[in-house]
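A.B. asks: Okay, these came from Swiss-Prot:
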- Cys324-Cys333: disulfide bond (DISULFID)
- Cys387-Cys396: disulfide bond (DISULFID)
- Cys399-Cys411: disulfide bond (DISULFID)
- Cys434-Cys443: disulfide bond (DISULFID)
- Cys463-Cys482: disulfide bond (DISULFID)
- Cys484-Cys493: disulfide bond (DISULFID)
- Cys762-Cys771: disulfide bond (DISULFID)
- Cys793-Cys801: disulfide bond (DISULFID)
- Cys871-Cys880: disulfide bond (DISULFID)
- Cys904-Cys926: disulfide bond (DISULFID)
- Cys940-Cys953: disulfide bond (DISULFID)
- Cys956-Cys968: disulfide bond (DISULFID)
- 63-298: domain 'Laminin N-terminal' (DOMAIN)
- 299-358: domain 'Laminin EGF-like 1' (DOMAIN)
- 414-460: domain 'Laminin EGF-like 3' (DOMAIN)
- 461-513: domain 'Laminin EGF-like 4' (DOMAIN)
- 514-523: domain 'Laminin EGF-like 5' (DOMAIN)
- 533-709: domain 'Laminin IV type A' (DOMAIN)
- 710-743: domain 'Laminin EGF-like 5' (DOMAIN)
- 793-846: domain 'Laminin EGF-like 7' (DOMAIN)
- 847-901: domain 'Laminin EGF-like 8' (DOMAIN)
- 902-955: domain 'Laminin EGF-like 9' (DOMAIN)
- 956-1003: domain 'Laminin EGF-like 10' (DOMAIN)
- 1004-1049: domain 'Laminin EGF-like 11' (DOMAIN)
- Asn147: N-linked glycosylation site (CARBOHYD)
- Asn376: N-linked glycosylation site (CARBOHYD)
- Asn669: N-linked glycosylation site (CARBOHYD)
- Asn862: N-linked glycosylation site (CARBOHYD)
- Asn965: N-linked glycosylation site (CARBOHYD)
- Asn1070: N-linked glycosylation site (CARBOHYD)
- Asn1156: N-linked glycosylation site (CARBOHYD)
- Asn1394: N-linked glycosylation site (CARBOHYD)
- Asn1479: N-linked glycosylation site (CARBOHYD)
- Asn1584: N-linked glycosylation site (CARBOHYD)
- 1050-1609: region 'Domain II and I' (REGION)
Amino acid sequence: MKRSRWSHSGSSTARLLLIGVLFASCSTAILGAQRPPINSAGGHELRGTTFMPALECYDPYGRPQKCLPEFINAAYQLQIESTNTCGEQNDNHFCIQTMNQNHKNCEFCKYNDHNPSFLTDLHDPQSPTWWQSETMFEGIQHPNYVNLTLHLGKSYDITYVRILFRSPRPESFTIYKRTSESGPWIPYQFYSATCRDTYSLPDSRAIRKGEGEAHALCTSEYSDISPLRDGEIAFSTLEGRPSGINFERSGELQEWVTATDIRITLDRLNTFGDELFGDSQVLKSYFYAISDIAVGARCKCNGHASKCVPSTGMHGERTLVCECRHNTDGPDCDRCLPLYNDLKWKRSTSTEVNECKACNCNGLADKCFFDANLFNRTGHGGHCLDCRENRDGPNCERCKENFYMRDDGYCVNCACDPVGSRSLQCNSHGKCQCKPGVTGDKCDRCDNNYYQFGPHGCQQCGCDSGGSHQNTPACDTETGICFCKENVEGRRCNECKPGFFNLDKNNRFGCTPCFCYGHTSECMTAPGYSIVSVTSNFNKFKERWTAADLNQREVDIKYNQYSRSIGTTAQGNEHVYFQAPDRFLGDQRASYNRDLKFKLQLVGQVANTGVSDVILEGAGSRISLPIFAQGNGIPDQGVKEYTFRLHEHHDYQWQPSQSARGFLSILSNLTAIKIRATYSVQGEAILDDVELQTAHRGAAGHPATWIEQCTCPEGYLGQFCESCAPGYRHSPARGGPFMPCIPCDCHGHADICDSETGRCICQHNTHGDNCDQCAKGFYGNALGGTPNDCKRCPCPNDGACLQINEDTVICTECPKGYFGSRCEQCSDGFFGDPTGLLGEVQTCKSCDCNGNVDPNAVGNCNRTTGECLKCIHNTAGEHCDQCLSGHFGDPLALPHGRCDRCSCYEAGTEQDEQSITRCDQVTGQCQCKPNVIGRDCGECQPGYFNIRSGNGCENCLCDPVGSYNSTCDRYSGQCHCRPGVMGQRCDQCENYFYGFSSEGCKPCECDESGSKGFQCDQNGQCPCNDNVEGRRCDRCKENKYDRHRGCIDCPDCYNLVQDAADLHRAKLFNLSQTLDEIARTPVTNDDEFEAKLKAVQEKVAVLAQDARDNSGDGGQTYAEVIDDLHKHLDSVREHLVSADKFQADANGEIDRARQNYTILDQITENAKKELQQALDLLNDEGAQALARAKEKSVEFGQQSEQISDISREARALADKLESEAQFDLKNAKDAKDAVEKAHQLAKSAIDLQLKIGTELRSEVGLELSHVKQSLGTVVQTSKEALRKANEVYDTALTLLNDVNRQTQPEIDISQLKKDAVAANERADELLKQITELSNSNGELFADFETEQELTEALLKRAEQQQLEDIELLERAKAAHDKATKAVEQGDNTLKEANNTYEKLAGFQSDVQRSSESAEKALQTVPNIEKEIQNAESLISQAEEALDGANKNANEAKKNAQEAQLKYAEQASKDAELIRRKANETKVAARNLREEADQLNHRVKLTEMDIFKLEESSTKDDNLVDDAKRKVGQAKADTQEAQKQIEKANADLTAIKDELENLKDINTGDLDRLENRLATVEGEINRVNLTGRIEKYREQRTIQKNLIDKYDAELRELKDEVQNIGLISKALPDSCFSRNRLEP
């Protein structure tokens, strides 16, 4: 409710309060209406704030009482129409009116500043808004006026209209009302300081008693110009009207307060009079401005409703209507409900509720009207309208005229025929009074056997009862022609139709058809036949009855002598039949239209009947019917009698249907009567008292009049015309009695013929059934009819012949191998000279082609010589006994030759003149060209190549020194070169290599800084820079240093060292010469030396004696000690050899590690390719998946399915991006691990150098043990990784299956299944692609892990760091698994989709956040790739460091060996050099470790991004779970509704069927069915199917809008992915700057 201010108009407020108290005491319809509105924004659903609560229509005890809707501000937030608003056309300049006329504050007004919407908005004095008109400057002044129109949209009881002005109050204005939307405007109140002059009304504030109170007053009370702002006017609709105190009894005032529209007309502005001077600024200060309009009112409901509710009208507009009670109706409750007009409608008052009373229509009408006359007579004014069930009267208490009431109370139309009835009114039983000859309850037809319905009644027909339908005489009511039986005709139905005989009253069809085997239609009753029956009572035995199944497998029959019946039992589930004996079979035409009877009883089985329970077979036909046909019952454990009429009529249900002739044909030669015995598995049945009604000639009994005596035409004989007369025969022959008889035709060569076969007894050398051919060996025209028609044939062996014309006769039965008109030639496939034209006569013999010709072909061999001409199966030769050229095999194999094409390599095989490759016809060995080998000549000899030349193979000419062997590539001739060797023949060193030998060429390895170039000479000497020396130019000359600066001179202080070194070299040279001299002359002449030597000998002797003395007590002798020392020395040597072996193994491991890092480069490149493939897959498959979801949405409109598709697509996109990020992180981790391992490898090499000597043996042994331990760890880790990969795959497969199993609440179930199949097929394709991608990556990672195992032996110290990284990635993987698990749980718990709009709105924003997270994950891809490149650079550096370490290790080994040979001093120098180089390597390794730490930090940052992505995914899953629960609920609701509807349909069908099958109609049955119908109707209404469908359609529209938004978001994601793809393509494929560590 708009907040109002009342303080500026205390008098009007006090008046409203006073009136409110007065009306409250009188309980008027506007109770409390005058209380000022409070500060509130609440209220009605559409508008207003409740000032006073509603009064309910029923008290706590359920008794009706007057009720009122809540009292509200009816104008709140309604749009007001204004005919003038400032700024509407252009911005208006206006000035604010103040008491200071010398200074005015002027502003510009724009339309949006003060438009009419501010008249009814929330009024806040702290932030006022108002409507404002244009100024007097624009012409706003009398006579021009401004209208403000408020459309309330419904009639209200108006209490007051309050107007709060922002400008001074007008000098004159008017309030109008309208009581209907199309009604006239009625003045409500005039305000003017000049009432008489302006409105021609006196200035008055009240109406005197006795005057009309429903007219407007004019008052000058509120026309003063003061106050200049916030002046208020409050108009009360009942103020000053005397009858207001009795409002409930004043219809005039009740109409007065009613309004649907309010209009305020502003006629004249209040001014100070200064506008007369025309000052523009003064004119712009006068305008209308209103800050608030409030209308205090109640929804008009005439005291019969407590609230108004929004309703949708016929044209779709939303309006308020009263929620009527007291059995009232209408928007204002201004009338009674259609069936509640027993009292006249009245407005409810505080003393009289005036509740509408129901009319008494006995439940037979839905509406009535108030009949004042009826009310005056009876006290009840309800007169029923449109009575149902043909009722009439004020209370539908009697039947209409010409209707009668049945016993059940229903009125039925008499419907008496006006022609045949004496009166249109019937009696109480509905029977009309008929004229003579007329019958029927309605007198609408002639009676049986009467016709010519007319005003005088009907005439008698005189029909024969025996020939009339159902033996009841009746005729056509117009023509008088009787209704005859099927085979009867005549006006009186006293004649058989042509082709029928024996008019019989007991014959349903009247007459019996003439059978006569179809030769005539004239017959009569044959005399001498009597009615008999063929029976089987089984009094003594089985009477030759048998039993068999449908496959004629016999089944035993048991005879029960006590019950005198037969029985049989099935062994399984086969159908067993009783079969009648011969006396029931044969010619049984006399049983036509008679009965077959028997008794059947089942034992312990329930009958599962079929369509062939009783079978008749005969004349090659078979007919059958079910056991329950012709009104018979289903067999059970009781004895039942069965009767079947043998007639073709469709009512008797014999199938297939037959004509009368067809049925009689079966009976004329009845071959089997079968009665089904078993109707279940191992069923048992009993048969008794079988009877077949028939007739026999000469038997005692009643005459059988249905047996025919045929009148045969010429050529036929017999009672039934079944035989041919002499000179006639059946055609065709042996056709039986059904075939016609024709005269015998023997062409003059015989006089008689067989009547059945028609065969003539021929003479005159003729034969044939009709003597129409010459006998064998004779020729001529046997049809001539003379004895000399046939002559003997001129053929060998009296063979048959054929006459072509008068002069030509051809033999037709030549011996095998002969042909020709006289059998004078050999046939095709034979050879010889039967006439001796070429010499001696030769008989015709079969050609011998060894089965290698087509027996169906013509001309396989020469008919004279027997040479085979058309060999097949790749054979050739005179008798097809050889293989064709270019083929080999066995041409004489059985059943035909087997010659296969030579499989020769064309370029390596010799060819014949026809360019056909040749091979041995037995072995298939091809004829090879020079230096070519192989069965197909497809290979060169070892040491040869270029087989494609077509000239044989060329010699490789591989250099025996530079190649591994004499072989080369079979096509290019490239020999297999040793390391460092190149050239096609491996005969020269590669660039930067030297020393061509059997071991290959060695690398020059020229130092970069010390060499002039990298190419060395043949001795390996590199070209050194000045002051540089060494083979590799890798050291400065003496007294020079700093090779990188060009080996500059050492400081001067080193000159002393140089001098000392030269002095020592001189001394060493002299010492060397002295030693050489001693070696040349070993004799010495030194007495002193001799003396010392003697003294030493004496000491030795003493020591020897001491040794002997010391060993005398059983201890070890020195000799034994020496032996032990020798053994220990041998052991040391063995350990040393083992150490050498271990060191060699370590060197091998180092070499393999270097190879592994090369492989790592390849792995990195592969990883980049896989990343690009993943991006391409996202672009293609992601777009396709969304397109499919949109197509399904448009086609089916099922919001729940589209939500699931959208969420799955979004999740799949996020998962795929996250998977790619995980994959890149894995590559980065692998690269980091490789760097760490390289660092540890270099350090291990350094440690290995420091421990050369006595610690070498133990160090290598320890390293090897670490290798074994690490190998076990790697194997276990690989198995664990494989297990987890399988678990991930199984989880993905399970998720896919769960998605395929989800269903949505869709009405078109069949179409949904089709879509599901299509979706499953597409899902299978995607799964296959994912699996292939996973497999390719699995092989890539498996290769990397395999190579990693080889380097684990020397990387022990990296294990701890590796474990930390693994733990880090495991946490990321666990987060991903957690998100995947959440998705699975969401898919499995999909349950509800009602009221999902709010959730989906949040879902959209979450999907957006998820997309942003996915973008962040994609943005990390370039960083990851950069880290991979950095890792590659570090790997390269580590590889170079390993090369140096390897070389150092080799040098260390060599130095150790030299130490063993007593070169200790040189070894010490070398060791010192090694330590210095190792320190340099250590510094480089430390730098690598720092870079690896940085890489580890980046990995952790990436892990944080993954954690954020997990949180976003979890939020998404929660929202999806909620939406899916709603989908499940919608599905359950839909299924429940469907069940209820199906149940209702079933109930309706049952009610309908019961009504149709209701034989005797009674009130109880109808009431019961009516109750059931009402129950079904209530169930259908409770389902509220229409409301649910409408709700789903609205949600479908909402979901479609969401899908459009998601489509736009996906397009943005695709653009981002494309940008990332471009960035990825721009990255270099490898790192080209690889710094080498200082050796």
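Glycine residues also receive a Cβ, built from the backbone N, Cα and C atoms like all the rest.
Please situate the listed features within the shown structure.
C.D. replies: Counting only same-chain residues six or more apart in sequence, the Cβ atoms lying under 8 angstroms from the Cβ of Cys324 (disulfide bond) belong to Cys301, His304, Ala305, Gly330, Cys333.
Long-range C-beta contacts of Cys396 (disulfide bond), restricted to its own chain and to partners at least six residues apart, with a cutoff below 8 Å, comprise Cys361, Asn362, Leu364, Ala365, Cys384, Cys387, Arg388. In this structure, Cys396 (disulfide bond) belongs to neither helix nor strand by DSSP; it is coil.
Here the Cβ of Cys399 (disulfide bond) has 22 other Cβ atoms within 10 Å, regardless of which shown protein chain they belong to.
Residue environment of Cys434 (disulfide bond) contains 22 other Cβ atoms, counted within 10 Å of its Cβ in all protein chains.
In the three-state DSSP reading, Cys482 (disulfide bond) counts as strand.
Long-range neighbours of Cys484 (disulfide bond) (same chain, six or more residues apart, CB within less than 8 Å of its CB): Gly467, Ser468, His469, Gly490, Cys493, Gly510.
Look at Cys771 (disulfide bond): DSSP puts it in coil. Remark: Cys771 (disulfide bond) has Cys746, His747, Gly748, His749, Ala750, Cys760, Cys762, Gln763, His764, Ala782 as non-local neighbours, by Cβ distance under 8 Å and separation of at least 6 in sequence.
Close to Cys793 (disulfide bond) in the fold, though at least 6 residues off in sequence, lie Gly777, Phe778, Tyr779, Gly799, Ala800, Cys801, Val809, Cys811, each with a CB less than 8 Å from its CB. Under DSSP, Cys793 (disulfide bond) is assigned to coil, being neither helix nor strand in the three-state scheme.
Cys880 (disulfide bond) falls within neither a helix nor a strand when secondary structure is assigned with DSSP, and so counts as coil.
Taking Cβ-Cβ distances under 8 Å and a sequence separation of 6 or more, the neighbours of Cys904 (disulfide bond) in its chain are Thr917, Arg918, Cys919, Cys926, Asp936, Cys937.
Within 10 Å of the Cβ of Cys953 (disulfide bond) there are 25 other Cβ atoms, across all protein chains.
According to DSSP, Cys968 (disulfide bond) is assigned to a strand segment.
Residue counts of the domain 'Laminin EGF-like 3' (414-460) by helix, strand and coil are 0 helix, 15 strand, 32 coil (DSSP-based).
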A.B. asks: Please give me the CB contact count at 10 A for Cys463 (disulfide bond), counting all chains in the structure.
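C.D. replies: A count of 26.
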A.B. asks: Compared by Cα position, which of the disulfide-bonded residues Cys482, Cys871, Cys940, Cys953 is the closest one to Cys434 (disulfide bond)?
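C.D. replies: So, spelling it out, the nearest of the disulfide-bonded residues is Cys482.
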A.B. asks: Same chain only, sequence gap of 6 or more: which residues have a CB within under 8 Å of the CB of Asn669 (N-linked glycosylation site)?
C.D. replies: Gly586, Asp587, Gly618, Ala619
A.B. asks: Looking only at C-alpha atoms, tell me how far Cys443 (disulfide bond) is from Cys871 (disulfide bond), rounded to the nearest Å.
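C.D. replies: Distance (Cα to Cα, whole Å): 100 Å.
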A.B. asks: Taking DSSP three-state, what's Cys904 (disulfide bond) in: helix, strand or coil?
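C.D. replies: The residue in question, Cys904 (disulfide bond), is coil (DSSP, three-state).
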A.B. asks: For Asn376 (N-linked glycosylation site) and Cys399 (disulfide bond), what Cα-Cα distance in Å is obtained after rounding to a whole number?
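C.D. replies: Cα of Asn376 (N-linked glycosylation site) to Cα of Cys399 (disulfide bond) measures 24 Å after rounding.
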A.B. asks: Which residue counts does DSSP yield for the domain 'Laminin EGF-like 5' (710-743) in the helix, strand and coil classes, in that order?
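C.D. replies: DSSP composition of the domain 'Laminin EGF-like 5' (710-743): 0 helix, 11 strand, 23 coil.
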A.B. asks: Measuring CB to CB from Asn965 (N-linked glycosylation site), give everything in the same chain under 8 Å that is also at least six residues away in sequence.
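C.D. replies: Listed in sequence order, they are Cys958, His976.
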A.B. asks: If you count other C-beta atoms within 10 angstroms, which of the glycosylation sites Asn147, Asn376, Asn862 is the most crowded?
C.D. replies: Asn147
A.B. asks: Can you give me the Cα-Cα distance between Cys940 (disulfide bond) and Cys968 (disulfide bond) in Å, rounded to a whole number?
C.D. replies: 10
A.B. asks: Count the residues of the domain 'Laminin EGF-like 1' (299-358) that DSSP assigns to helix (H, G, I), to strand (E, B) and to coil, and report the three numbers in that order.
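C.D. replies: When I sort the residues of the domain 'Laminin EGF-like 1' (299-358) into the three classes, I find 0 helix, 21 strand, 39 coil.
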A.B. asks: Do at least three CB pairs under 8 A connect the domain 'Laminin EGF-like 5' (514-523) and the domain 'Laminin IV type A' (533-709), leaving out pairs fewer than 6 apart in sequence?
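C.D. replies: Between the domain 'Laminin EGF-like 5' (514-523) and the domain 'Laminin IV type A' (533-709), which are separate recorded stretches, there is contact, as judged by 3 or more close Cβ pairs.
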A.B. asks: Show which residues of the chain containing Cys482 (disulfide bond), separated from it by at least 6 in sequence, have their CB under 8 Å from its CB.
C.D. replies: Cys461, Cys463, Asp464, Gly467, Ser468, Pro473, Ala474, Cys475, Asp476, Gly490, Arg491, Arg492, Cys493
